[in-house]
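See below for the structure under consideration.
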């Protein structure tokens, strides 16, 4: 660096020799003097040309940038006029000097030096350029320019030197040039001041709109976040950020205080770029695979031939295996390269900042060396000491500004990377094939979006350390070599020895990282399933079994974390010891090699300052390597997911005509267990049918015959092997998918709102009565998965959505099975049938309702994946094939006609069309209907105007406000344990005390007298110094281990507490709370408690002791600093509190806005096939992007706030450094070089320590919010106790099954009227009782009360004489059984799904399976009872899942069995099986059945009819029909009488 400067001076000297008869530099005048000054030559050339060269170099690049980034147009303002006027005046002044030089030559016959012409000319042209740039910036909408600010600052600084010289040391005075210079200097001051001001927002720019929006809510809110307006000075005084900070300090920040995101940071700009580069990478790999396949085509030709020959599908399995194995040999697409191409160009700016900052880092030790030399040499002029102090202050401030710009670029890059990863994962999830979807669970994909994306984001801040750390090490070693000579090689050897240690640690870290992520995925997956099926867990009293399963996975995760903690402690030990061992080995070799080598203050403390610089890269490099290892694991997981097979885009042609031609579809189900992978191939083949436009086609067949698979094929959801499918479709799935939105939004589904058509659709789908029931009508919010709708309501909303969308082809997967018979007939007549709304559309209806078949145009009969019969109803009856057999089997269970006469098959068929139209339409009610009211309340509500707030169900995640309470910190410390916390603090204190003493010992060593050219006590000094250093290492190992173990203990305790609190919450809590909020708590917040909080606490405590130690040393060395430290301390404290108030709230807002991303994603995954069918992918992608942008909108201000804080804190630190140096210079006569070196070397560390301390204190407070959010659920409402100790129940209770209900009533919420009331009935043991009633009559409410899902508001229920209100919930729920409407399974073995507590033997389980007609199916599976069910039991049909629920009931064989519409969603075959099993196996049990099909309860002992929440009738079916009351009317509506 010195050689380069010398070269520049020689060149300038030669130039000046030509321009002026004076040398550039005269050291006697400039340096070796008590009153220094620069030569006139230097002032007239270098100081004038420097700002000119800067602007001319920057101008081309800046103009190109402005041309490409048009930010609007700023009208000519007073500020802009002033800037332009000052620029022109400066131009005139410069040209006046030029003309004066010409005039001087012509009139005075004095030949002035050429520099008097060259410099003003160059300066005048530069001023003209600056004026033109000001105008061009205005036209491009730049409110404040960083380029121009630096130019004016540089020009002002250069002119200030000349100004001082002209004022203090006037030479020959030229009045004209003096006058023009002082005018020039004044105008420069004005120009600099004006450049610091912000111009008005541009027209036609988003910043104007943003300003209007923000000022509506908050007058102090900033108007823009455009990077064009954020220059270096604005970062320093932070006008925009400062306004937000003031607001955040006065009151907690709210969403309206936040800025809008820059366009460059939004999803719509960021995500497509990554997706585009990733697709190019994938295409590149596909091309290479194609070339390889072309070269090896002979190898595969036999298989291709066999596939062509085997049209019957016999050889498909063999070719499928080849397809699966082939990709393993191919090259994988590089996601890393795609990321580099997407974000690399912008990120490279940070590399430039980092290089400058790394070089400036070594200025401090060099100035320290000069200061020590200054103290040692009493003859040096005093001003040099002050000059070094000023230079130190300027260099540290410039370093701070550049470092903050570097961090800003890094954090913005990380933010964009996270946005891109989330967007790419979301888009992939919408197109992933079903087979690939089964290999990635919801938990895994959510982790990709949360944990893995966050890892990328965290890494990108420090990724530059990969090259920066070696650069810093090389520079440090170079300066150490200059200081200590070859002795430094000993330190190099120590560093080389550390490399394999760090390599081993990195490899082990990666292993643990993979294991931890696997456990985390499994835990989140299981939690997701539990939250989805929480209703079933509570009804079966299975909470503890699943709590143990989660705890088991969690323990595996914590075991890995514990191993990683041991590894981390070793790693920390090496980090702390490495710089010290380097210093120790270097000093040892230096003093031991030659007795004449004296370790004086200059050598020791300059070396120590360099070792402190060396400490950072040596500490950071292993951490960065560890982060890279973690990110590489995440990168691989992300690459695997993004590489998954996608659905074939060409499998369905979206054309105007509807038709299905010859096609073969292949559906692969992947079953995984511990030992091997099994591929079950299900093939639809020989589908050769043409469906005429506008036809109604029914698809019938037994369970598992491929009816739903046919619809999947038509939707393009299965892999098409050959053929083609055409048409634009609407789809109604068998299990309705409902969004967490209003009922209206669920029906309209993003289409244009047509009021008249909407009303017709609502009425046709029998939803009008439901709208009158719901508190806010169609503005009522529907909970996740439709929790506050019954099964029938959900199916009708799903159907209404399809009808409203008005498509050409309608694929209806058994939509009528979940509704009552009379409602089903109404829907068929009004919507699906020949006279319905869809009469002109092509309809493919999968159905088990035989009564609808005569009205269809075409019937497809499916057997084992093939269409065996095609024809009209009459044609199929005449053929006497499978269809006729099917009718004979199940016609008997169909309702009779309205005359009440039993009809034969044929008369039944012919009279179907004459069914009377139901006068009113009601739906069946689910047993979990939160908002369902009694008819009495409905009448009241229907008279009121629709109130949107009344229809609100879910509660958004709310951000806490104000400071984090001390109770949160206490809770965390309690979770760690007080003894462990005290031990950790003691070890921290010991470590830093030893560190202080070792450096003080070094200062004493350097002050030792030199006798005969050597220091006699050097061996003793060296020995003690080494012992102190090694003791530090031991203390570090201890506190690192103690903190990590404490963090794990706290994490275990907090997770278990939250899990228990959530499972103890009542059902109403889960209906109000979106699952995304809970998944966020168990995912991101627990990950923060696991990994982030312990490390942040370690760094916070370390930074605190570092700051205290540094201040102590500085005060001891230079007591005068005590005058300034209190003021700076107050400033520091104020800035810190000012910042933390806003930072903490921004973190909360960011956490709160993160949950909706995951909630929406979960919802999307569940309804992906529906979204694809309706072609609504773009709308859902846009919604996901909006939520991500909303989240980043809270994150971006925290980035800027961090920079705002760092600038101010580093300024405070720089002031302390400068004052320490200043007072040392003042007191140089009374200060030893050793103490001064110690003081300034600590002061140099203080800036970084102060900044780090505030950042860590803020991070502690913002991340401890995770503990606050986890503890939040401990204060929510809880259910009654699960068990009472001791239990007063007999072992076999209930023994009879006698149920006595006395004056029973309940309400859903405290602010609502009773949903049911005055219910008094007595049911004898063994009775079979049906419960019927219209929608809202209270059928579901009664079962909710029986299982105490909702507690009684009045009255009592006794079972075998025991009041159930006095029992523990598990004691009650585990001894009575329910078969729910929705069959819910969990991922795991079949046996676990039947008996999670392992309470029954295998023989008992097999017996239950035999009676539930599943024994043959399970016996045929490779793993039998250990067969793995996929997430939600997706690899089993709905019918099979319902039979498994029956098997659960058979295992318990309890004396009370409740069927809550258990056969609503199954075909007649399964319904028949369930009914026959219940009659035979529960002959002695009390059976309560909420009737869906009235014919199933006609042989029951008694029937309870509910109306308006009260008992209307209660007698045997025959008596009730004879009475011709409410039950008779229902039976008549259903065609039974």
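Each Cβ is built from the backbone N, Cα and C atoms, and glycine gets one as well.
Automatic, uncurated: that is what TrEMBL annotation is.
Among the ranges 413-435, 436-458, 459-481, the stretch that TrEMBL annotates as transmembrane segment is 459-481. As stated in TrEMBL, the feature transmembrane segment covers range 146-163 out of the listed 146-163, 200-217. In TrEMBL, the transmembrane segment annotation falls on 605-629 of the listed ranges 530-554, 605-629, 630-654.
Most Cβ pairs under 8 Å with the transmembrane segment (85-103) belong to 175-198, among the candidate stretches 146-163, 175-198, 335-356, 386-407, 487-507. Residues belonging to the domain 'ABC transporter' (1299-1533) score a mean pLDDT of 82 in the model. A Cβ distance under 8 Å defines the sequence-distant neighbours of the transmembrane segment (146-163), meaning residues of its chain 6+ beyond its ends; these are 38, 43, 47-48, 50-51, 54-55, 58, 62, 130, 133-134, 137, 181-182, 184-185, 188-189, 191-192, 195-196, 230-233.
Residues 273-274, 277-278, 280-281, 402-403, 405-406, 409-410, 412-413, 416-417, 420, 460, 464, 467-468, 471, 635, 638-639, 642 of the same chain, all 6+ positions outside the transmembrane segment (335-356), place their C-beta atoms under 8 angstroms from a C-beta of that stretch. Below 8 A, the CB atoms of the transmembrane segment (386-407) and the transmembrane segment (1205-1227) form 3+ pairs separated by six or more positions in the chain. The recorded stretches the transmembrane segment (1104-1135) and the transmembrane segment (1022-1050) do not share 3+ CB pairs below 8 A when only pairs 6 or more apart in sequence are counted, and are therefore not in contact.
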